[in-house]
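Engineer: Could you have a look at this structure, given as C-alpha coordinates, before my questions?
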Amino acid sequence: MYCLNYRSLMPNLLDTKNKSLSILVVCTGNLCRSPMAEIILREKIRQQKLNISVSSAGTIKMKGKTTPDEKALQALLSQGYCLAVSQVRQITQQDFIDYDLIYAMDKTNLADLIDLCPLSCRSKLGLFLSYAPTKEKEVPDPYQRNMKVFHQTAALIEAGAQALIEYWGKNGVATSHNAITNQESMA
(Lines of atoms letter the chains of each structure in order from A and count residues from 1; the text may use other names and numbers.)
(Lines give C-alpha, C1' and ligand atoms only; values in the text may rest on other atoms or scores of the structure.)
Protein backbone atom coordinates (compact mmCIF):
# COMPACT_ATOMS: atom_id res chain seq x y z
CA MET A 1 0.00 0.00 0.00
CA TYR A 2 1.26 3.45 -0.93
CA CYS A 3 1.12 6.55 1.22
CA LEU A 4 0.78 9.20 -1.45
CA ASN A 5 1.06 12.94 -1.36
CA TYR A 6 -1.29 13.70 -4.25
CA ARG A 7 -0.32 17.38 -4.34
CA SER A 8 3.24 16.43 -5.27
CA LEU A 9 2.00 14.26 -8.12
CA MET A 10 1.68 16.90 -10.80
CA PRO A 11 3.11 15.97 -14.18
CA ASN A 12 6.52 17.34 -15.06
CA LEU A 13 6.33 19.82 -17.96
CA LEU A 14 10.08 20.35 -18.32
CA ASP A 15 10.38 17.90 -21.22
CA THR A 16 7.33 19.22 -23.09
CA LYS A 17 8.25 22.81 -23.96
CA ASN A 18 8.40 23.77 -27.63
CA LYS A 19 7.13 20.45 -28.96
CA SER A 20 3.83 18.79 -29.62
CA LEU A 21 2.24 17.29 -26.55
CA SER A 22 0.24 14.09 -26.11
CA ILE A 23 -2.27 13.83 -23.28
CA LEU A 24 -4.11 10.77 -21.98
CA VAL A 25 -7.06 11.21 -19.60
CA VAL A 26 -8.01 8.17 -17.55
CA CYS A 27 -11.00 7.09 -15.47
CA THR A 28 -12.15 3.66 -14.32
CA GLY A 29 -13.90 2.17 -17.36
CA ASN A 30 -13.40 4.86 -20.04
CA LEU A 31 -17.19 5.15 -20.23
CA CYS A 32 -18.03 8.55 -18.71
CA ARG A 33 -15.41 10.89 -17.27
CA SER A 34 -12.38 10.29 -19.48
CA PRO A 35 -14.34 10.35 -22.78
CA MET A 36 -16.02 13.56 -21.58
CA ALA A 37 -12.63 15.03 -20.69
CA GLU A 38 -11.22 13.96 -24.06
CA ILE A 39 -14.04 15.71 -25.94
CA ILE A 40 -13.93 18.88 -23.82
CA LEU A 41 -10.13 19.14 -23.90
CA ARG A 42 -10.04 18.50 -27.64
CA GLU A 43 -12.42 21.42 -28.24
CA LYS A 44 -10.54 23.80 -25.93
CA ILE A 45 -7.24 22.79 -27.55
CA ARG A 46 -8.72 23.43 -31.00
CA GLN A 47 -9.99 26.86 -29.94
CA GLN A 48 -6.57 27.83 -28.55
CA LYS A 49 -4.72 26.37 -31.57
CA LEU A 50 -2.42 24.34 -29.34
CA ASN A 51 -0.19 21.57 -30.63
CA ILE A 52 -1.68 18.89 -28.37
CA SER A 53 -3.27 15.52 -29.06
CA VAL A 54 -5.64 14.01 -26.52
CA SER A 55 -7.07 10.55 -25.98
CA SER A 56 -8.72 8.61 -23.17
CA ALA A 57 -8.59 5.20 -21.53
CA GLY A 58 -9.80 3.31 -18.48
CA THR A 59 -7.90 1.49 -15.76
CA ILE A 60 -10.12 -1.57 -16.27
CA LYS A 61 -11.88 -3.20 -19.21
CA MET A 62 -15.66 -2.97 -18.92
CA LYS A 63 -17.08 -6.27 -20.14
CA GLY A 64 -19.51 -5.83 -23.02
CA LYS A 65 -18.94 -2.07 -23.32
CA THR A 66 -17.48 -0.67 -26.55
CA THR A 67 -18.66 2.95 -26.63
CA PRO A 68 -18.87 5.74 -24.06
CA ASP A 69 -21.97 6.02 -21.88
CA GLU A 70 -24.93 7.51 -23.75
CA LYS A 71 -25.71 9.96 -20.93
CA ALA A 72 -22.13 11.26 -20.98
CA LEU A 73 -22.42 11.94 -24.70
CA GLN A 74 -25.90 13.49 -24.34
CA ALA A 75 -24.64 15.87 -21.66
CA LEU A 76 -21.88 17.11 -23.97
CA LEU A 77 -24.07 17.22 -27.07
CA SER A 78 -26.55 19.43 -25.22
CA GLN A 79 -23.67 21.87 -24.59
CA GLY A 80 -22.66 21.95 -28.26
CA TYR A 81 -19.62 19.68 -28.22
CA CYS A 82 -18.62 17.61 -31.25
CA LEU A 83 -18.84 13.97 -30.22
CA ALA A 84 -15.86 12.54 -32.11
CA VAL A 85 -14.59 9.95 -29.65
CA SER A 86 -13.07 6.53 -30.06
CA GLN A 87 -14.18 3.22 -28.63
CA VAL A 88 -13.61 2.58 -24.95
CA ARG A 89 -10.32 0.94 -24.11
CA GLN A 90 -8.12 -0.05 -21.21
CA ILE A 91 -4.77 1.64 -20.64
CA THR A 92 -1.74 -0.34 -21.82
CA GLN A 93 1.90 -0.39 -20.77
CA GLN A 94 2.75 1.26 -24.10
CA ASP A 95 0.53 4.23 -23.18
CA PHE A 96 2.86 5.12 -20.33
CA ILE A 97 5.68 5.42 -22.86
CA ASP A 98 3.72 7.03 -25.71
CA TYR A 99 1.93 9.83 -23.84
CA ASP A 100 3.67 12.89 -22.40
CA LEU A 101 1.14 13.54 -19.62
CA ILE A 102 -1.46 11.21 -18.11
CA TYR A 103 -4.24 12.68 -15.98
CA ALA A 104 -6.43 10.59 -13.65
CA MET A 105 -9.98 11.61 -12.81
CA ASP A 106 -9.74 10.64 -9.14
CA LYS A 107 -7.27 9.43 -6.52
CA THR A 108 -8.28 5.80 -6.94
CA ASN A 109 -7.57 6.01 -10.67
CA LEU A 110 -4.24 7.70 -9.89
CA ALA A 111 -3.29 4.97 -7.41
CA ASP A 112 -4.16 2.34 -10.05
CA LEU A 113 -2.01 4.17 -12.60
CA ILE A 114 0.89 4.34 -10.16
CA ASP A 115 0.61 0.57 -9.64
CA LEU A 116 0.58 -0.06 -13.41
CA CYS A 117 3.13 2.55 -14.45
CA PRO A 118 6.84 1.87 -14.94
CA LEU A 119 8.86 3.82 -12.38
CA SER A 120 10.57 5.79 -15.15
CA CYS A 121 7.20 7.19 -16.33
CA ARG A 122 5.63 8.20 -13.00
CA SER A 123 6.52 11.86 -13.48
CA LYS A 124 3.91 11.89 -16.28
CA LEU A 125 1.03 11.19 -13.86
CA GLY A 126 -1.28 13.66 -12.16
CA LEU A 127 -4.85 14.46 -11.19
CA PHE A 128 -7.01 16.10 -13.85
CA LEU A 129 -8.25 18.77 -11.44
CA SER A 130 -4.82 19.57 -9.95
CA TYR A 131 -4.82 23.10 -11.35
CA ALA A 132 -8.57 23.78 -11.28
CA PRO A 133 -9.81 26.66 -9.12
CA THR A 134 -12.39 24.35 -7.56
CA LYS A 135 -12.45 22.90 -4.07
CA GLU A 136 -12.90 19.47 -5.66
CA LYS A 137 -9.68 17.81 -6.75
CA GLU A 138 -11.40 14.67 -8.00
CA VAL A 139 -14.07 14.19 -10.65
CA PRO A 140 -16.76 11.93 -9.10
CA ASP A 141 -17.93 9.02 -11.25
CA PRO A 142 -21.42 9.70 -12.69
CA TYR A 143 -21.82 6.14 -14.03
CA GLN A 144 -25.45 4.95 -13.79
CA ARG A 145 -26.56 8.26 -12.26
CA ASN A 146 -29.12 10.76 -13.61
CA MET A 147 -28.57 13.43 -16.27
CA LYS A 148 -28.22 16.19 -13.67
CA VAL A 149 -25.13 14.43 -12.31
CA PHE A 150 -23.70 14.09 -15.83
CA HIS A 151 -24.18 17.83 -16.40
CA GLN A 152 -22.44 18.56 -13.08
CA THR A 153 -19.62 16.25 -14.11
CA ALA A 154 -19.30 18.05 -17.45
CA ALA A 155 -19.08 21.42 -15.67
CA LEU A 156 -16.36 20.15 -13.34
CA ILE A 157 -14.41 18.69 -16.27
CA GLU A 158 -14.76 21.98 -18.16
CA ALA A 159 -13.23 23.82 -15.19
CA GLY A 160 -10.38 21.32 -15.07
CA ALA A 161 -9.79 21.48 -18.81
CA GLN A 162 -9.72 25.27 -18.78
CA ALA A 163 -7.25 25.26 -15.88
CA LEU A 164 -4.97 22.85 -17.74
CA ILE A 165 -5.11 24.96 -20.92
CA GLU A 166 -4.19 28.06 -18.91
CA TYR A 167 -1.41 26.22 -17.07
CA TRP A 168 0.07 24.89 -20.31
CA GLY A 169 -0.18 28.37 -21.85
CA LYS A 170 1.62 30.01 -18.92
CA ASN A 171 4.38 27.43 -19.20
CA GLY A 172 4.83 27.78 -22.96
CA VAL A 173 3.76 24.21 -23.63
CA ALA A 174 2.65 23.18 -27.14
CA THR A 175 1.83 26.69 -28.26
CA SER A 176 2.42 26.07 -31.95
CA HIS A 177 -0.31 27.15 -34.35
CA ASN A 178 -0.30 23.69 -35.94
CA ALA A 179 -2.85 22.10 -33.64
CA ILE A 180 -3.05 18.34 -33.41
CA THR A 181 -6.37 17.46 -31.89
CA ASN A 182 -7.47 14.11 -33.23
CA GLN A 183 -7.03 10.56 -32.05
CA GLU A 184 -5.34 9.55 -35.29
CA SER A 185 -2.30 11.70 -34.50
CA MET A 186 -1.18 9.04 -32.02
CA ALA A 187 -1.24 6.26 -34.64
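Just so it is clear, glycine is given a Cβ too, placed from its N, Cα and C backbone atoms.
What TrEMBL shows for this protein is this:
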DOMAIN    21-167  domain 'Phosphotyrosine protein phosphatase I'
ACT_SITE  Cys27  active site, nucleophile
ACT_SITE  Arg33  active site
ACT_SITE  Asp141  active site, proton donor
Engineer: I'd like to know the mean pLDDT over the domain 'Phosphotyrosine protein phosphatase I' (21-167).
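Structural biologist: The average pLDDT of the model in the domain 'Phosphotyrosine protein phosphatase I' (21-167) works out to 96.
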Engineer: In Å, rounded, how far does the Cα of the residue listed as 'active site, proton donor' sit from the Cα of the residue listed as 'active site'?
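Structural biologist: Each residue's Cα considered, the residue listed as 'active site, proton donor' and the residue listed as 'active site' end up 7 Å apart.
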Engineer: How many whole Å apart are the CA atoms of the residue listed as 'active site, nucleophile' and Arg33 (active site)?
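Structural biologist: Their Cα atoms are separated by 6 Å.
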Engineer: Could you tally the C-beta atoms, other than its own, that fall within 10 angstroms of the C-beta of Asp141 (active site, proton donor)?
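Structural biologist: Step by step: centre on the Cβ of Asp141 (active site, proton donor), count other Cβ atoms within 10 Å, giving 19.
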Engineer: Which residues, sitting 6 or more apart from Arg33 (active site) on the same chain, put a CB under 8 Å from its CB?
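Structural biologist: Within the chain, Arg33 (active site) has Cβ neighbours under 8 Å at Val25, Cys27, Ala72, Met105, Val139, Asp141, Pro142, Thr153, Ile157.
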